[in-house]
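Copied over from TrEMBL:
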- 3-69: domain 'DUF6894' (DOMAIN)
Amino acid sequence: MIRYYFDIRDGETLYADEEGVELDDQTAAEVEAATVLAGLARDLSPQGERNHMAIEVRTSAGPIFQAAFIFESAQPKEQH
């Protein structure tokens, strides 16, 4: 098993994962990153200021991959 770390990047801020999770392989890490990212996206308000987040996945050997989402509106926000 390999220990993967899932650092969360919220705009310019990086929240480092200090504990990590032991997983079988990179495919399992990709599924975990997608699950975490989906949860983060679900909790965001489309009207909020944040419009992109990422999960940066690494092992003790270094970075492996990044999963990200970007929320962009094709129309300007309506003012109420």
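Cβ atoms here come from the backbone N, Cα and C positions, even for glycine.
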Summary of DSSP states over the domain 'DUF6894' (3-69), given as helix, strand and coil counts:
18 helix, 30 strand, 19 coil
How does the model score the domain 'DUF6894' (3-69) in terms of mean pLDDT?
90
